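What follows is a single structure, written as C-alpha cells, with notes after it.
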Amino acid sequence: MMTFLCTRSGRRASGVECRIAAERAYFRVRGLPVANMIGWWPRLCPVMSLALLWACSVGAGSDCKSVAIETDSRIAEQTQQRHLQALFDKYGQNGSISLEGLFNLLKGVGLDRIRKVMVHHPGNAHNHTHTHDHTHTHVDKLTAHTHPVTTKKGDMDHSVEKSDPVPKAQPDPASGKKSQSDAHHNLYMKMNQESTTALTTPSYVTRSRRTNRSADYDFTQDHASFSPSQPNVTHSNHTHHDEDTPTHQHDDHDEHEHARASLGCQNASTILQTHGMRKEASLSVKDFSFLCPALLMQIDSKSCIVHEDEDEHSDHSHHHKHHHHHHDHQHLQHPHNHTNGRGQRNTPVYIAWLGGFLSITLISLLALVGVVLIPLMNRVCFNFLLSFLVALAVGTLSGDALLHLIPHSQGHHHHGHSEEHAEEEDSLRPVWTGLTALSGVYIMFLIEHFLTLGKMYKDKNQKVQKRVDLTTEVLESEKLPSLEENDVKIEAAETNGGRALAEEEEVMLGAELYNDIDCENKCHSHFHDTVGQSDEQHHHHHDYHHILHHHHSQNHHPHTHTHRHTHSYSQQHFEQAGVATLAWMVIMGDGLHNFSDGLAIGAAFTEGLSSGLSTSVAVFCHELPHELGDFAVLLKAGMSVRQAMLYNLLSALMGYLGMIIGILIGHYAENVATWIFALTAGLFMYVALVDMVPEMLHNDASEAGFSHYGFFLLQNAGILLGFGIMLIIAVFEDRIQLDLGY
C-alpha cells in the first residue's frame, strides 16, 4: 500500500508528498479525523519515514514500483541437464565421457592448445617489455616456472618475477574507474599445457560464509605444495602499489592453501588429476558438473591464448597500472628455447658446452681411424667402404640441412610438447616439407643412375656385337697382319713423332681383339692400381697399349706419359712440395672446414640437445670419409703415420675454436643462431650435392672389382640410411633429453 501511495499518475512522489499521503491514509483507516491527529505527527514522522525507505529498498532500489524477480531453480536445473545431455551425446558414450572424449571437448571449446594471437599496439605513452622464458617438461609433472619481466617506465627500471595474469577489472574507490591495463591490452603469459598448479572449485562459490570481494579475485598460490628440488625455481614476493587503491591482504589464506584456482592452460589429464579423479575412470554427469567451473575459468581468463606483437614477437609495449595485492608467485617450467631480456637462452649452458666438447672430440678422433684402416688401403674392400661412407655422408648432410637446419632457421622448430594434445601435425609440417625436398633429390639421383646404367648396358651389348663381327671378319680374311707387323708399325709411328695417325687408328682397332681379361690386365686407364710396382713387371707391349688406351680416353691429351713416368711425377711433386707445405695445406684447408663444422655444432647445442645431436651426426658422417682421404694423401706424400696423425689432429683443433664461438654467439647473441643454421644448411647442401654426389655417380665400379649394380645398391643403402637417421632425430627430437639429476 505504501508503495502504491509513493507514486502519483505514474510518477514518483516527492518526500513531502509521500509523508502527507501516508498520514492521511493512516488516519482514515483508523476512522479518526485528520485535524484531530495533528499532535501525533512529530511521533509518527520518523517511524513512517523508515518504513517507507524499507519498502522502496525491498522493491527494486531506485524505482519504488519495481518488483524483485527470483530465479527459478527448476528451470535452471532443466536447462543445465539439457546442455549436459547435449555434451554427453556429442562427446560421450553410454552416459559417460572417456579421456579421449574429454580431449575432444577441450578441442571443441578451444582449450586443447595454446593459441597465439597477433596484437597490434598503437602509440603508447610507456613501454612495458615482456620477454618470456619457457621450458617444457613432461605431462602431469608439477615444476616451477620463471617469467623474468623487465619493466621500463621513464627512467625507472625494475625487474620482478611476474605471475601469470588474469584479466583484472577492480573498481577504484576514489574515481570510480577501472584499471585499463589488462582489459585494454589482453596480455597473457604463455603457460604450460601439461604442468600446472592444482585446480579446485573456488571456495567463494561453495562457502556462503566467505567475505564479499571485489570484481576480481586474487588467489594466493602456496609454495609449500611444490617440490623444493625442482631446478630453476625462483620465488619472489612483491607488492604492486597504486595511488588510489588501498593495500589489502587475504584473511583466509589457509582456505586457499587447499583450494587454489589454476590460471594455466590445462590438458584433460591435469584437469582430472586436480579434481581428484582418475584418468582411467569415466566421467559421470555429476562428475562432469564439477569440471565446468574450471573450464569456464580457463575460457574467461584466456589462459590458452598467447598474444604476440605484430612487430616484435617477444616484446609487448603497453601502458600498465598495477593493482594493490601481495602475491607469492609460482610458475611452470617449459623447455622452449626462447631468450630472455638479456638474450640468454633457458637451455642450461653446461649442456651446450658438454655436448659440444664431446662431439668435437669424437669427430677429431676420426683421424685415428686411419691407423686401423692402413692395412686395407691397398685392397678392394677399402674402396667398397669409402663408397658406402660417401653415400652415408650425402644422406646425413642433405637430411640435416632440409629436415633440421632450414626449419630451425625459419623458426619452425619443436617446442618440446610431449603432451597428448600437442599440435603434432603442425609442428612436423616443416619436417614433412623437407622430406619432400629430399625425395626430389633422391628421385633425380635415381634417374641419373638409371640413365647411366642403361647407357652402360647398351654400350656393352654393342661392344660385344662389334667384337663378334670383327672376329668373324678376321677369320675370313686371307691375309691377317701379324702382331709383329703391328709392332713395327707402332715403332714407325713412334719415330715419326705420332704423325702416322692412320697406323695409330689401326692399332686402336686391333686392340678390340683383346678379350675382357686382357683389357683389364693391359689396357687399364687408371694408374693408381699399380702404384709402387717396378718397370720390370710390365712388358713393353703392355706398357705401350696402356699408353694408347689412356691416350685415347683422354682425347689425345698432349701430356700423356707412361705409367712409370706418371707415378714418378706424382711422387716427385709431393717430394718437392715438402712436409711443411703439405702440413700447411692440411691445417688451412681441412682446418677451415673443421672450423665451420664446430661453429654449426656449437650453435646447434645452444638450441637444444636434439638439435646438437642431429648436426653432430651429420658432421660425423661426412667427416669420416673426408678424414680417411686426408690420411691416405699424407701417407702417399711420404709422411710417416705419426706425422699424418699429428697434422690431422692439429687441423681438428680448429673445430674446438669454432665450437666455442658458436656457443658464445648462439647463447648470448639474440637471433644469431638462426642465421648460423641457414649458413650451415647451405654449406652442407654444397658439400653433399657438389662434392660427394658426383663422386658417387662417376665412380668406376670395375676398378674395385664390383659390378655397377652392386655399387648402385650399396650407394642407395648409404643414402637411405642417412635420410632415416636424420628423419628419426627430426621427428623424435622433443623426446631426446639429457637429465643429469641436478
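Backbone N, Cα and C define each Cβ position, glycine as well.
What Swiss-Prot lists as topological domain 'Extracellular' is 1-353 (among others), and the listing cites similarity to another entry.
According to Swiss-Prot, the feature N-linked glycosylation site maps to Asn94 (among others). In the three-state DSSP reading, Asn94 (N-linked glycosylation site) counts as coil.
Summarising the annotation, Swiss-Prot assigns N-linked glycosylation site to Asn127 (among others).
According to Swiss-Prot, the region 'Disordered' annotation covers 148-182 (among others).
The compositional bias 'Basic and acidic residues' feature in Swiss-Prot is assigned to 152-165 (among others).
Per Swiss-Prot, the feature region 'Disordered' maps to 191-210 (among others).
Per Swiss-Prot, the feature compositional bias 'Polar residues' maps to 192-206 (among others).
Look at Swiss-Prot and you will find Asn212 (among others) tagged as N-linked glycosylation site, backed by sequence analysis.
For 220-260 (among others), the entry in Swiss-Prot reads region 'Disordered'.
As annotated by Swiss-Prot, compositional bias 'Polar residues' applies to 222-236 (among others).
Sequence annotations record features per position, and here Swiss-Prot assigns N-linked glycosylation site to Asn232 (among others) based on sequence analysis.
According to Swiss-Prot, the N-linked glycosylation site annotation covers Asn237 (among others).
What Swiss-Prot lists as compositional bias 'Basic and acidic residues' is 239-260 (among others).
Sequence annotations record features per position, and here Swiss-Prot assigns N-linked glycosylation site to Asn267 (among others). Following the DSSP three-state reduction, the secondary structure of Asn267 (N-linked glycosylation site) is coil.
The annotation region 'Disordered' is assigned in Swiss-Prot to 310-342 (among others).
The annotation compositional bias 'Basic residues' is assigned in Swiss-Prot to 316-339.
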So what's the average pLDDT for the topological domain 'Extracellular' (1-353)? 53
Counting Cβ pairs closer than 8 Å, which of 386-406, 645-665, 672-692, 711-731 has the most of them with the transmembrane segment (354-374)? 645-665
Checking 386-406, 645-665, 711-731 against the transmembrane segment (672-692) for Cβ pairs under 8 Å, the most are found for 386-406
For each of Asn94, Asn267, count the other CB atoms within 10 A of its CB; which of these glycosylation sites has the top count? Asn267
Secondary structure content of the topological domain 'Extracellular' (666-671), with strand meaning DSSP E or B: 3 helix, 0 strand, 3 coil
Residues of the parent chain within Cβ reach of the transmembrane segment (711-731), under 8 Å, 6 or more residues beyond its termini: 384, 387-400, 403-404, 407, 428, 431, 434-435, 438, 442, 445, 449, 453, 610, 613-614, 617-618, 621, 696, 699, 701, 704
